Amino acid sequence: MWLLYPCVVVIKMKRVHFVAHGGAVQGVGFRFFTQKRANEQGITGWVKNIPNNKVEGEAQGDEQTLDAFLKDVDKGPKGAHVVKLDKEDRDVVQGETGFEVHR
């Protein structure tokens with residue numbers, strides 16, 4: 001006789017604030033590259049340009065997917081050059097949907 005037990009999978013969500021320092025991170029499609037990668041990977045959050053040739057954002061997703069996304073952000077699109085990517089953990093935002101480009 002086989003007994004089947006329900007399986008519970010716990011997905012640990014994580015949120016990270018990031019700042020990409022250029023090199024070249026503005027004027028190369030960086031924000032839209034970031035949004036595209038986020039949408040492909042199911043990451044939520046936002047991204048925007050800030051002064052001094054930097055791009056800032058917050059991204060949220062399961063830990064493994066978020067780590068892969070941040071590696072993409074650290075590389076950037078063709079023509080970008082990220083000198084440094086600062087990351088800081090933040091509190092998860094419940095109910096967030098989508099990934100937005102802020103202006």
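Glycine too: its Cβ is placed from the backbone N, Cα and C atoms.
The feature active site is assigned by TrEMBL to R31, N49. Per TrEMBL, the feature domain 'Acylphosphatase-like' maps to 15-103.
When DSSP labels each residue, the domain 'Acylphosphatase-like' (15-103) comes out as 25 helix, 39 strand, 25 coil, counted as helix, strand and coil in that order. Averaged across the domain 'Acylphosphatase-like' (15-103), pLDDT in this predicted model comes to 97.
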